[in-house]
Amino acid sequence: MKVIPIHDASIPMPAGGPAQALAAGGAVLDQRGRGMRDLRISVTDRCNFRCIYCMPREVFDDDYPFLPRRELLSFEEILRVARLFAARGVRKIRITGGEPLLRKHVENLIEMLAGLDGMEVTLTTNGVLLPRMARSLKDAGLHRVTVSLDALDDALFRRMNDADYPVEKVLEGIAAAKDAGLGPVKVNMVVKRGTNDGDIEAMAAHFRHSGHILRFIEFMDVGASNGWKMDEVLPSREVVARIARLHPLEPVSPNYSGEVAERWRYEDGAGEIGVISSVTQAFCSSCTRIRLSTEGRLYTCLFAQHGHDLRGLLRSGAGDAQLDAAITRVWQGREDRYSEVRTAETAALRKIEMSYIGG
């Protein structure tokens with residue numbers, strides 16, 4: 001049976017005046033004392049891949065009702081919101097999708113966001129459009145890219161992206177990003193036991209000495225359409241152990257508080273890998289991310305069931321003070337710790353799809 005994913009579950013933004021005991025501007029903390037540092041902005045719900053863990057073709061087929069253009073936030077609306085987040089402590093913006101490079105003139109948005117004082121602007125992509133876009137993205141002010149690549153074996157990769165894209169297209173994109181100065185490029189591999197875990201060592205070998213940072217991500221129960229099962233999760237500790245048997249590793253300290261990837265480097269100086277262990281080693285206690293979906297809803301957790309309707313406020317004539325107060329109240333009320341309390345029951349809940357909030 002085809003299940004249409006959730007993308008319209010929303011609740012109104014909090015009403016009222018300025019948030020309690022918080023001056024205009026300045027950092028804001030949630031109920032667990034976590035600050036707001038990272039804003040992830042999804043600019044499209046469309047993608048040219050149909051990855052089995054994100055947008056499986058049996059759901060996202062030719063008849064799937066993608067969002068009409070009018071429902072997407074405009075670049076001007078995104079910039080307005082980003083300015084407010086910057087005033088509340090956000091220092092990093094990641095552009096996501098869907099596939100963000102499918103959004104027409106996305107370079108213009110990047111240039112607008114890069115103009116925010118002290119803001120780091122990054123982007124996550126499947127990489128196939130980078131050969132013709134990497135240079136213009138860099139010129140627009142993009143700092144770095146992260147590229148998704150789930151296998152090095154071409155036949156396996158084609159099965160996983162389910163759009164018949166060859167792995168060479170992504171490798172060309174990674175090379176183009178490096179040449180354009182968008183490095184160090186981070187390469188993300190979602191590991192699904194029984195599907196692509198046999199490619200772990202090959203991926204590690206390929207990216208040693210490359211200057212890129214390969215990161216292994218545990219298969220997560222995001223959304224309602226990827227058929228997640230706990231026994232398909234390969235714990236990150238097993239990934240590290242397998243690579244270390246071939247090439248000894250040593251731990252590396254985080255770059256900053258709240259960094260989600262656990263970092264390791266090769267003892268022989270051949271580079272660095274990372275693991276993101278949302279399932280087996282939850283990092284909820286230090287999570288500083290807030291997500292703005294394609295259609296303008298705020299989500300305080302990747303595994304959320306509902307978002308807060310920011311677009312409604314934006315398009316009803318709300319002033320910056322009203323928007324700021326609403327955003328602040330959302331964060332101050334945040335209690336999320338989904339991965340710390342994950343059960344079979346919570347995993348079965350219908351949650352927002354990754355393609356709407358960008359992972």
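Heads up, the Cβ atoms here are built off N, Cα and C, so glycines get one too.
TrEMBL annotations:
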BINDING   Arg40, Arg94, Thr124, Lys186, Arg289, Ile290, Arg291  GTP binding site
BINDING   Cys47, Cys51, Cys54  [4Fe-4S] cluster 1 binding site
BINDING   Tyr53, Gly98, Ser148, Met220  S-adenosyl-L-methionine binding site
BINDING   Cys284, Cys287, Cys301  [4Fe-4S] cluster 2 binding site
DOMAIN    31-250  domain 'Radical SAM core'
Distance check against Cys54 ([4Fe-4S] cluster 1 binding site) for the binding-site residues Arg94, Gly98, Cys284, Ile290, keeping those with Cα within 10 Å: Gly98
Lowest local Cβ density (other Cβ within 10 Å) among binding-site residues: Cys47, Met220, Cys284: Cys284
Three-class DSSP secondary structure - Arg40 (GTP binding site): strand
Assigned element (helix, strand, coil) containing Lys186 (GTP binding site), judged by DSSP: strand
Cα-Cα distance linking Cys301 ([4Fe-4S] cluster 2 binding site) and Met220 (S-adenosyl-L-methionine binding site), given in Å to the nearest integer: 13
Conformational class of Cys284 ([4Fe-4S] cluster 2 binding site) under the three-state DSSP mapping: helix
Max CA-CA distance, Å, over listed GTP-binding residues Arg40, Arg94, Thr124, Lys186, Arg289, Ile290, Arg291: 21
Neighbouring binding-site residues, C-alpha within 10 angstroms of Ile290 (GTP binding site) - of Cys51, Gly98, Cys301: Cys301
Largest separation between Cα atoms (Å) of residues that the record links to S-adenosyl-L-methionine, namely Tyr53, Gly98, Ser148, Met220: 17
Spatially closest candidate among Cys47, Tyr53, Cys284, Cys287, the listed binding-site residues, to Thr124 (GTP binding site) (Cα to Cα): Cys47
Which listed residue (Arg40, Arg291) has most other Cβ within 10 Å, given these are binding-site residues: Arg291
